[in-house]
Amino acid sequence: MAKNVVVVGTQWGDEGKGKIVDWLTDHARGVVRFQGGHNAGHTLVIGANEYKLNLVPSGIVREGVACYIGNGVVLDAHHLLSEIRTLEAGGIRVRDRLRISPGCPLILGYHAALDRAREAAKSAGDKIGTTGKGIGPTYEDKVARRALRVYDLFDRERFAAKLRANLDYHNFVLTQHLGAEAVEFGSVFEQAMADAEEIRPMVADVSAELYAVNKSGGSLLFEGAQGTLLDIDHGTYPFVTSSNCVAGQAAAGSGVGPGRLHYVLGITKAYCTRVGGGPFPTELDIETADTPGQQMSSKGREFGTVTGRKRRCGWLDLGALKRSIIINGVTGLCITKLDVLDGLSELKLCTGYMLDGRRIDLLPMGSEEVTRCEPIFETMAGWSGTTFGAQSWEALPQEARAYLHRIEEICEIAIDVISTGPERDETILRRHPFGA
């Protein structure tokens, strides 16, 4: 019987979703991206090979698995083709296994120009920390009903007319408001037309194909990008991304009915990280040697896959995690990077906050309120043994098991999967999301 699983990040992204999606793909006929764009960075370690993906779903490294880019994704076609060529150079078949929705809004040259110019114009405290890849401006065009979509690529005259209208508008903003250079029509148009011919064979009715997979008994895996706390509606606004990153978006962003989403796996690091600006209640110093924050940063290799920026690190925030569990309807948790905490003498869990003199247990909405939150910590014993590469619950140090049990108790949810390293087999399974 077909069973569909949604994988979402419960923090500020970078939770290790790519490895888990790859690991789960053994039980899926297809993997689906449903939001975001090439601002996502998923790193997979398969034997001696490391793959860094932005747009192509993580299931692509599994032979025979179909991959889908749903209508909720904003698509930089030129970047996608570059990513495909890199994978093909490594011996991975892509083009006959990848399907792209014709409804994807297109990221074009002026979107990235707007993104960079706006960020440059902001004062230091107001900077979002955008990747500068044009994601936000493209979603703006979609909501304003002026976006060019994949299906527009295949009508040259229509595409040219819409592009001219968009450039008239956006070049005015770039030159008159932001003091940046205008984007030239010819270069954008010719690049888009060249890319169109190359992606045309991969464009398909993704919604209908996903329905057909389920109807024939095949299961699907929906791969979220970024994380719940970066969601445009539910995140620490305005320090968020421009898409919905939550489980509910899997339906809208791919064209499947919500009743066909059967299990939601919430991916959670054993600590917290954040890239870019915005409030972070449990943040630690990552620069001072021999401190917990510095260990998380260095041992966890906490650098952005897309930007290369050093990630901010802090203790696990259960108030934020509980908020994410509620929003996503999480069925079970997957804890990643537990091994990064090996060797710390004590650990802290944020169990709530003091906000304006009163205790609250859930992360509030809006960055202003989150900034005023003072974390309430519970201290637990660390462990001297190693969790790295553990493949069974019994192989974990007693203190590590106690740490995980406490997360389950406070969040009132089961930890179904534990990742203890980057390789596929460095995983502890307690309950399989696909019911296998």
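Here the Cβ of each residue, glycine as well, is placed from N, Cα and C on the backbone.
The shown structure was predicted, so the numbers you read here are calculated from the model rather than taken from an experiment.
Pulled from Swiss-Prot, these are the features on record:
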| type | residues | note |
| --- | --- | --- |
| BINDING | 13-19, 41-43, Arg311, 337-339, 419-421 | GTP binding site |
| ACT_SITE | Asp14 | active site, proton acceptor |
| BINDING | Asp14, Glu15, Gly16, Lys17, Asn39, Ala40, Gly41, His42, Thr131, Arg145, Gln226, Thr241, Arg309 | IMP binding site |
| BINDING | Asp14, Gly41 | Mg(2+) binding site |
| ACT_SITE | His42 | active site, proton donor |
| BINDING | Thr305, Val306, Thr307, Gly308, Arg309, Lys310, Arg311 | substrate binding site |
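Fewest Cβ neighbours within 10 Å among the binding-site residues Asn39, Thr43, Gln226, Thr420: this applies to Thr43. Here the binding-site residues are Gly13, Gly16, Gly41, Gly308, and the one with the most other Cβ atoms within 10 Å of its Cβ is Gly13. Other Cβ atoms within 10 Å of the Cβ of Asp14 (active site, proton acceptor), summed over all protein chains shown, number 29. Look at Gly16 (GTP binding site): DSSP puts it in coil. Cα of Leu338 (GTP binding site) to Cα of Gln226 (IMP binding site): a span of 20 Å. Lys19 (GTP binding site) counts 26 other C-beta atoms within 10 Å of its own C-beta, drawing on all protein chains shown. Each residue contributes its Cα atom, and for Lys19 (GTP binding site) and Arg311 (substrate binding site) these two points are 19 Å apart. Comparing Thr43 (GTP binding site) with the residue listed as 'active site, proton acceptor', their Cα atoms are 10 Å apart once rounded. With a cut-off of 8 Å between CB atoms and residues at least 6 apart in sequence, the same chain places Asp14, Thr273, Arg274, Val275, Ser297, Glu302, Phe303, Gly304 near Arg311 (substrate binding site), listed in sequence order. Under the three-state DSSP scheme, Asn39 (IMP binding site) falls in the coil class. For the pair Gly41 (IMP binding site) and Gly308 (substrate binding site), the Cα-Cα distance reads 10 Å. Straight-line distance linking the Cα atoms of Thr131 (IMP binding site) and Gly308 (substrate binding site), rounded to a whole number, equals 10 Å. Using Cα positions, the member of the binding-site residues Asn39, Gln226, Gly308, Arg309 nearest to Gly13 (GTP binding site) is identified as Gln226.
A straight line from the CA of Arg309 (IMP binding site) to the CA of Gly16 (GTP binding site) spans 17 Å.
The separation of Gly308 (substrate binding site) from Gly16 (GTP binding site), Cα to Cα, is 16 Å.
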